[in-house]
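First comes the structure, then the notes that go with it.
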Amino acid sequence: MSDTKDLSLGEKTHHDPSGFSSSDKGAEAGRTSYDVGPHSPTTVVSLAPPEGITEAALVRKIDRHIIPFIIFLYLLAFLDRVNIGNARSFGLEADLGLEKVEYNTALTIFFVPYIILEIPGNILLKKFSPRVWLSVCCVGFGLVSIFQGLVKNYGGLLATRFFLGVFECSMFPGCFFLLASWYKRADAQKRYSLFFSSTSLAGAFGGLLASAIGKMDHLQGYRGWRWIFIVEGCVTVVAGVVFFFTFPAFPEQARFLKPAEREYVRAMLQADHGHAAAERKITLKDVGKALTDHRIWLGGFMYLGLIVPAYSYAYFSPTIIGTYNYSAIQTQLHSVPPWAAAFGFAMATAVASDYLRHRFMFAILGIVVAIAGFAVLMTVHDPAHVNAQYAALCLVAMGAYSAMPIIVCWFNMNLGGHHRKAIGTAWQIAFGNIGGIIATYSFVASDAKNHYRTGYAICVSFTCLSALACLMYAVSVTMENKRRAKMQGDGGLTEEEKADLGDLNPEFRYML
């Protein structure tokens, strides 16, 4: 019989597979029961929210101070990253004299620093705080975007794309690290998908904005594609300055919480995530240890497989839609509905995933939808069936951009401790973005006469790779949970040793 202790109410609780223990009386009293050390069947703690506020109200307060900031930040980052696809429709290649695959190379060079600097970026974020580090990076990539609108040749374009990658590399993993530090695992998917869907909003908004800015063609002697970079870059710089004074921090540093609320959040997250070890510095030994964990590698392959179709769509959908004989303005406008569909589908699957407290099957669902879209695009090329091809593009966007946030949330929320989260999150995004390089060469101009069959085939192959990695990860965490369930006690580990282990702590249970 397990030794169950209720540290507050002394009521009977029962274990919930998601990692929580529920208590009817505790709920009526406004208290919530959790397993200490995530999913531990041995010790249960019942936490009482601070007087005058419920847990749900506190979570809504956190949402108001976290979600709008990270959504707007990443919307700007993604917009500044992929607006080159919109600029291409307004004469960028002709004005800069780009030939053959030079446009693709300009896309590729962005990912070089993006891949190399992800882990150092998350380490610096932890050192300086999200408010300082992400705000500085935001101003940086805004300025680079403005300079991108002023380049005179191919070399200038390469240089600005490279430095855009330098400043943007901390955005995605940094925001995911921040999210993982604030929310319980069973509540996280809606927030992850809402944040991730800012890419869909950026895609939709980018098409509308580009169609409007494109009408500024030749204003002050600048072509429309230059104004796309300049206007969007100026907005980003202003936002970065505002963020320096307003952007949220980690729970331990949050000024918008009262001391009692901050302590309750800390205890709540420790009960769900395990020991955060927020005060602990990240060392090279931590990085090396994380990279010997096969689940860390599987997380990278899950993301890599979906990055290829996702970036292929983000960068080349305007080009593909343009082959349906639309004008430049019509192409931008037709790029909006698939992004809107992706946003709606991603949020629907996120709500269902949180409700059922399950991730794996919802990731596979998105992957299947994306593959169905690519299957149509590979086989239907009759100009009389343009609507079918356009609907298939919607399926690709819906599938890829709904599965990706589930995969990232599933992996990140299964990491315990600040050090494991910082390294694992950055690793997944860094390794996965190798797929960005592959995507930039998947749809080359010479393949247009072949209806981009090669590009679609590459996307399907990597999407299947993601499905395989998801399956292997699901099997791995399931077997590990069963192994740990058979263990007796915690192996005599001290609290400090448990904090150092993170999700490797024997008391930790992974979410499926």
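From the backbone N, Cα and C atoms, a Cβ is placed for every residue, glycine too.
Annotation source TrEMBL lists compositional bias 'Basic and acidic residues' at 1-17.
Taken from TrEMBL, the feature region 'Disordered' covers 1-42.
The transmembrane segment annotation in TrEMBL covers 66-84 (among others).
The domain 'Major facilitator superfamily (MFS) profile' annotation in TrEMBL covers 66-484.
Long-range contacts of the transmembrane segment (104-125) within the same chain, counting only residues at least 6 positions beyond its ends with a Cβ under 8 Å from a Cβ of the stretch, are 81, 84, 98, 133-134, 137, 154, 157-158, 161-166, 168-170, 173-174, 177, 282, 287, 315, 422-423, 425-427, 429-431, 433-434, 436-437, 440-441, 444. Positions annotated as transmembrane segment by TrEMBL: 104-125 (among others).
Taken from TrEMBL, the feature transmembrane segment covers 132-150 (among others).
Taken from TrEMBL, the feature transmembrane segment covers 162-182 (among others).
Tertiary proximity for the transmembrane segment (194-213) is limited to same-chain residues at least six positions away from its ends with a CB under 8 Å from its CB atoms, namely 67, 70-72, 74-76, 78-79, 82-83, 86-87, 89-90, 175-176, 179, 224, 227-228, 231-232, 314, 317-318, 329, 332-340, 342-343, 346-347, 350, 397, 401, 404-405, 408. What TrEMBL lists as transmembrane segment is 194-213 (among others).
Outside the transmembrane segment (225-250), and at least 6 residues removed from its termini, the chain residues within Cβ reach (under 8 Å) are 65-66, 69, 72-73, 76-77, 79-80, 83, 86-88, 90-92, 95, 129-132, 134-150, 178, 181-182, 209-210, 213-214, 216-217, 219, 256, 278. Marked as transmembrane segment by TrEMBL: 225-250 (among others).
Feature annotation from TrEMBL assigns transmembrane segment to 296-316 (among others).
Beyond the ends of the transmembrane segment (336-353), by six or more residues, the same chain brings 189-190, 192-194, 196-197, 200-201, 203-204, 207-208, 313, 317, 359, 362, 365-366, 369, 390, 393-394, 396-402, 405-406 to within a C-beta distance below 8 angstroms of the stretch. According to TrEMBL, the transmembrane segment annotation covers 336-353 (among others).
Proximity of distant same-chain residues to the transmembrane segment (360-378), defined by a Cβ-Cβ separation under 8 Å and at least 6 residues beyond the stretch ends, is recorded for 302, 306, 309, 345, 349, 352-353, 388-389, 391-400, 402-404, 406-407, 410, 452-453, 456-457, 459-460, 463-464, 466-467, 470, 474, 512. Residues or ranges marked as transmembrane segment by TrEMBL: 360-378 (among others).
Annotation comment: TrEMBL describes 390-411 (among others) as transmembrane segment.
Sequence annotations record features per position, and here TrEMBL assigns transmembrane segment to 423-443 (among others).
Under the heading transmembrane segment, TrEMBL lists 455-477 (among others).
For the transmembrane segment (132-150), the list of distant contacts is 73, 76-77, 80, 83-84, 121, 124-125, 156-157, 160-161, 163-164, 166-168, 170-171, 174-175, 222, 225-230, 232-241, 243-244, 247: same-chain residues at least six beyond its ends, Cβ to Cβ under 8 Å. Residues 101, 104-105, 107-108, 110-112, 114-116, 118-119, 121-122, 169, 172-173, 176-177, 180, 282, 286-287, 290-291, 296-297, 299-312, 315-316, 319-320, 408, 411-412, 415, 452, 454-455, 458-459, 462 of the same chain lie 6+ residues outside the transmembrane segment (423-443) yet bring a C-beta within less than 8 angstroms of a C-beta in it. Beyond its flanks by at least six residues, the transmembrane segment (66-84) meets 92, 106-107, 110, 134, 138, 141-142, 144-145, 148, 161, 164, 168, 171-172, 175, 178-179, 182, 191, 194-195, 198-199, 201-203, 205-206, 209-210, 228-229, 232-233, 235-236, 239, 243, 246-248, 314-315 of its own chain at Cβ-Cβ distances under 8 Å. With a threshold of 8 Å between CB atoms, the same-chain residues lying at least 6 positions outside the transmembrane segment (296-316) that come near it are 78, 82, 84-85, 107, 199, 203, 290, 338, 363, 367, 370, 374, 393, 396-397, 400-401, 403-404, 407-408, 411, 424, 427-436, 438-440, 442-443, 452, 455, 458-460, 462-470, 472-473, 476. Within the chain carrying the transmembrane segment (390-411), a Cβ under 8 angstroms from the stretch's Cβ atoms is held by residues 176, 188-189, 192-193, 195-197, 199-200, 203, 299, 302-303, 306-307, 309-310, 313, 317, 320-321, 324, 334, 337-339, 341-343, 345-346, 349-350, 353, 359-360, 362-377, 380, 424, 428-429, 459, 463, 466, 470, 473, 511, all 6 or more beyond its ends.
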